[in-house]
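The block underneath contains the structure these notes are about, expressed in structure tokens.
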Amino acid sequence: MCHYFIKALEDSGKLLRNYTQNIDTLEQVAGIKRIVQCHGSFATATCRNCGLKVDSEAIREDIDSGRVAMCRVCSHPEGVMKPDIVFFGEDLSDDFHEKMAEDREMVDLVVVIGSSLKVQPVALLPYNVNPEVPQILINRESLPHYATDIELLGNCDDIVAQLALVLGPPYTDIFRKGRFKTNSSDPAAVEEIYEKATLRKAINEIQFKKLLDQPTVKRARLKEGMPSMWDARYVSVGSKLPVDGYLFVSSRTSPFLSF
């Protein structure tokens with residue numbers, strides 16, 4: 001779902017660049033063109049001796065059989081066909097560094113989706129832009145080391161679906177391409193079905209506190225008959241939120257059901 005949303009941004013002329021740490025080629029499946037594959041991709045492999053580049057399908061039989069894929073052109077003992085991904089200790093491509101330097105002067109919004117921002121140098125991207133550029137984090141959890149302007153917490157696909165519904169067409173087209181599919185061929189019907197099921201209402205802190213007062217299923221007690229010392233200290237936000245709502249903590253933070 002997230003990849004199709006990024007593609008919709010690109011088609012609308014809103015995407016400057018998609019920097020991805022994924023190596024699974026999902027961006028190519030979605031059709032994204034303005035992309036920097038920071039850690040490379042399994043889509044191709046290159047001979048370490050002569051530089052021959054081939055499609056990954058050309059070495060699939062070797063990989064499936066547990067054999068080291070060798071170059072069939074140079075037949076050199078060192079002609080190992082290495083997948084075009086970045087291994088630990090290797091530097092990132094020149095394309096990454098060039099695009100990062102180029103984009104820092106043009107970007108007007110940074111959106112981080114589903115990342116811990118711990119793997120460098122990719123983790124430095126949000127810090128490589130003008131400090132006045134707003135930033136949004138869409139993630140399962142907050143990142144203490146990342147001072148974002150807005151954080152939307154929960155399942156990334158669910159949050160992106162909510163954003164698409166709020167933005168409307170053409171972003172709602174992602175429902176026909178992603179995991180939310182129906183038997184209808186009418187785009188309006190697809191959007192209506194999903195909107196009824198998923199368009200969520202903002203729940204403020206006062207309303208959420210009332211939800212906390214509602215009875216819940218009692219937890220099992222310890223053998224000694226005493227409740228766990230942690231029972232009264234923590235409450236899962238997701239366990240209290242209705243399926244059609246999200247918690248509006250402030251203009252900066254909004255947890256969703258899966259948080």
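The backbone N, Cα and C atoms fix where each Cβ goes, and this holds for glycine too.
For the domain 'Deacetylase sirtuin-type' (1-196), the predicted model reports an average pLDDT of 88. Residues annotated as domain 'Deacetylase sirtuin-type' in TrEMBL: 1-196.
According to TrEMBL, the active site, proton acceptor annotation covers His39. Within the same chain, the residues at least 6 positions away from His39 (active site, proton acceptor) whose Cβ sits under 8 Å from its Cβ are Gln21, Asn22, Ile23, Ile85, Val86, Leu92, Val122, listed in sequence order.
Cβ neighbour count for Cys74 (Zn(2+) binding site): 14 (other Cβ atoms within 10 Å of its Cβ, all protein chains included). DSSP assigns Cys74 (Zn(2+) binding site) to coil, not to a helix or a strand. Among the features that TrEMBL reports, Zn(2+) binding site is placed at Cys47, Cys50, Cys71, Cys74.
In the three-state DSSP scheme, Cys50 (Zn(2+) binding site) falls into the coil class. Excluding the listed site residues Cys47, Cys50, Cys71, Cys74, the same chain places Arg48, Asn49, Gly51, Leu52, Val73, Ser75, His76, Gly79, Met81 with Cβ atoms within 8 Å of the centre of the Zn(2+) site Cβ atoms. Under the three-state DSSP scheme, His39 (active site, proton acceptor) falls in the coil class.
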